[in-house]
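For reference, the structure discussed in these notes is given below.
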């Protein structure tokens with residue numbers, strides 16, 4: 001028996017031999033994940049507010065570009081590169097998410113998180129000062145790279161600084177800050193787009209800047225507060241967490257999966273490019289689109305083989321946490337998270353678009369229209385975190401949330417040009433409550449089910465699902481909308497060129513709609529509304545998937561006290577895989 005145990009332990013060790021003292025220190029690191037929170041009182045309040053505020057900046061950057069694209073096109077006059085503004089950010093987020101989670105499992109979470117915050121701020125500054133659209137795209141990629149690390153860092157810091165029982169509540173709070181940033185993104189972006197100072201200040205507000213221009217002084221005070229107050233708090237009040245005490249940095253860096261990292265980045269970049277550019281820049285059957293799909297598919301296959309056979313790495317240090325694929329619990333949580341990301345990302349982008357086209361809303365007014373959706377998403381997230389911590393059951397949240405999301409998505413699909421605003425708000429509320437009930441739940445469930453040292457990796461695993469689901473859903477939704485809207489408009493106005501129609505849809509040429517006769521304009525808007533309604537097939541599919549998977553989730557308690565629980569007072573883990 002002892003020989004078997006020894007062999008198993010040997011197989012799981014990295015290639016570099018570790019001393020017994022280092023192993024003992026790593027065992028102590030495992031205990032740090034499980035112990036009660038050490039920061040108390042007002043200090044904890046300040047720390048948690050500072051950590052959560054960075055989620056606001058990250059979510060703000062996700063949605064701020066939507067309403068300033070026409071101004072960016074007018075500045076640089078390069079419509080063909082417009083998709084890159086979102087693609088660069090999304091590619092950097094998706095491609096590096098798993099990598100960041102592995103790095104967080106090796107290096108000090110506090111200092112790595114600070115590095116990601118700085119990286120994100122530098123990317124935002126680059127966007128604001130960009131002399132060319134290529135520089136702007138590069139800044140978006142850098143901001144996405146830092147933002148992905150920042151988001152994984154927030155979840156990691158919350159997991160290592162809270163007890164298991166209170167963790168769902170604090171993770172639920174990320175929904176509040178995410179919602180604030182999501183709502184402010186279109187509003188702030190639209191406000192700067194129509195102001196004298198211009199769209200560049202939409203990116204400057206994500207970094208420390210001097211409020212020297214009087215018209216935007218009120219909007220620059222909060223970012224100055226974040227940069228001037230939050231970073232010193234991170235430095236002096238946030239406790240350090242070293243996941244591998246006693247292990248040299250040379251050994252830690254040697255254990256990163258560099259080959260897997262390169263393969264994953266290449267596969268993600270080519271895949272996201274194919275989905276985003278297909279039907280927009282290039283036809284779906286063009287050589288460019290097909291080549292991107294083929295390259296992505298080949299690289300994903302090679303990446304899968306490299307991870308499975310541990311080529312150039314070990315089972316313990318693989319970029320992708322393949323061990324979770326052997327646990328049904330984590331597979332279900334991954335798909336659930338990707339599905340709910342589809343449910344709320346699609347309406348967040350297309351609700352403002354609907355009101356801009358059909359109600360002639362300004363960018364600011366269209367952003368405000370999101371309030372019913374986002375407010376109820378946030379409220380449901382907070383309620384989920386509080387009640388799931390108290391009662392422990394998590395399966396009902398997925399089942400009921402999926403059902404409400406399905407109802408809300410179907411209702412959004414039925415919206416026509418003449419549908420009243422009150423009805424649309426009601427549909428959004430149903431959708432928001434449903435999606436919010438389980439939007440962030442998987443983070444807490446996965447962290448509760450993971451082994452102590454797997455918590456950063458489990459966080460990255462669920463974050464990857466969220467980003468992947470949202471990225472693919474938005475890419476497909478954009479392609480469907482552009483294709484359906486272009487075809488519908490050209491059927492009504494056959495003399496219009498495809499380039500003119502696509503420019504009008506993107507917002508770069510509003511004069512196209514103004515020159516149409518009233519009857520023709522109404523027919524065109526009806527075609528646009530029909531195109532927008534088609535994108536809600538994706539949330540319908542995502543909600544249906546959530547309901548189907550929820551049926552197979554166990555009826556277990558995960559976060560509440562039990563007589564046989566561990567020393568944290570939570571039920572034993574692993575009942576679901």
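Each residue's number is its place along the chain shown, starting with 1.
A Cβ is built for glycine as well, from the same backbone N, Cα and C atoms used for every other residue.
Taken from Swiss-Prot, the feature region 'Disordered' covers 1-32.
According to Swiss-Prot, the feature compositional bias 'Basic and acidic residues' maps to 21-31.
For 45-65 (among others), the entry in Swiss-Prot reads transmembrane segment.
As annotated by Swiss-Prot, transmembrane segment applies to 111-131 (among others). Note on the transmembrane segment (111-131): residues 54, 57-58, 61, 100, 103-104, 138-150, 153-154, 156-157, 200-204, 206-208, 227, 231, 234-235, 240 of its chain, located 6 or more positions outside it, place their CB under 8 angstroms from a CB of the stretch.
Swiss-Prot lists 141-161 (among others) with the feature transmembrane segment. Remote same-chain partners of the transmembrane segment (141-161), defined as residues 6 or more beyond its termini with a Cβ less than 8 Å from a stretch Cβ, comprise 32-33, 37-39, 47, 51-52, 54-55, 58, 61, 88-94, 96-97, 100-101, 103-104, 109-110, 112-113, 115-124, 126-127, 167, 170-171, 174, 206, 238-239, 241, 443, 447, 455-456, 459-460, 463, 467.
Among the features that Swiss-Prot reports, transmembrane segment is placed at 218-238 (among others), with the record citing sequence analysis.
According to Swiss-Prot, the feature transmembrane segment maps to 259-279 (among others). Away from its own ends, the transmembrane segment (259-279) comes close to residues 83, 86-87, 90-91, 94-96, 98-99, 288-289, 292-293, 295-296, 299-300, 302-303, 306-307, 311-313, 318-320, 471-472, 475-476, 478-479, 482-483 of its chain (Cβ-Cβ under 8 Å, at least six residues beyond either end).
Swiss-Prot lists 292-312 (among others) with the feature transmembrane segment, giving sequence analysis as the kind of evidence.
Sequence annotations record features per position, and here Swiss-Prot assigns N-linked glycosylation site to 317 (among others) based on sequence analysis.
If you look at the transmembrane segment (330-350), the same-chain residues 6 or more away from its ends with a CB under 8 A from one of its CBs are 63, 66, 182, 324, 370, 373-374, 377, 398, 401-402, 405, 409, 412, 428, 431-432, 434-436, 438-439, 442, 445-446, 449, 458, 461-462, 464-470, 472-474, 477, 481, 532, 535-536, 538-539, 541-543, 545-546, 549-550, 552-553, 577. Swiss-Prot lists 330-350 (among others) with the feature transmembrane segment.
Long-range neighbours of residue 360 (N-linked glycosylation site) (same chain, six or more residues apart, CB within less than 8 Å of its CB): none. Marked as N-linked glycosylation site by Swiss-Prot on the basis of sequence analysis: 360 (among others).
Annotation comment: Swiss-Prot describes 363-383 (among others) as transmembrane segment, evidence class sequence analysis.
Listed as Cβ neighbours of the transmembrane segment (395-415) (distance under 8 Å, sequence separation of 6 or more from its ends, same chain) are residues 336, 339-340, 343, 347, 354, 380, 384, 388, 424, 426-438, 441, 529, 532-533, 536-537, 539-540, 542-544, 546-547, 549-551, 553-556. Look at Swiss-Prot and you will find 395-415 (among others) tagged as transmembrane segment, backed by sequence analysis.
According to Swiss-Prot, the transmembrane segment annotation covers 426-446 (among others), on the basis of sequence analysis.
Here Swiss-Prot flags 457-477 (among others) as transmembrane segment, drawing on sequence analysis. Residues 86, 90, 93-94, 97-98, 100-102, 104-105, 148, 151-152, 155-156, 159, 272, 275-276, 321, 324, 330, 333-335, 337-342, 345-346, 349-350, 442-443, 446-447, 449-450, 535, 538-539, 542 of the same chain lie 6 or more positions beyond the ends of the transmembrane segment (457-477) yet place their CB under 8 Å from a CB of it.
Residues annotated as transmembrane segment in Swiss-Prot: 532-552 (among others).
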For the transmembrane segment (292-312), what are the same-chain contacts with Cβ under 8 Å, counting residues 6+ beyond its ends?
-> 257-260, 263-264, 266-268, 270-271, 273-274, 277-278, 318-320, 322
Within 10 Å of the Cβ of residue 317 (N-linked glycosylation site), how many other Cβ atoms can you find? Include all protein chains, please.
-> 19
Using DSSP with the three-state reduction, classify residue 317 (N-linked glycosylation site) as helix, strand or coil.
-> coil
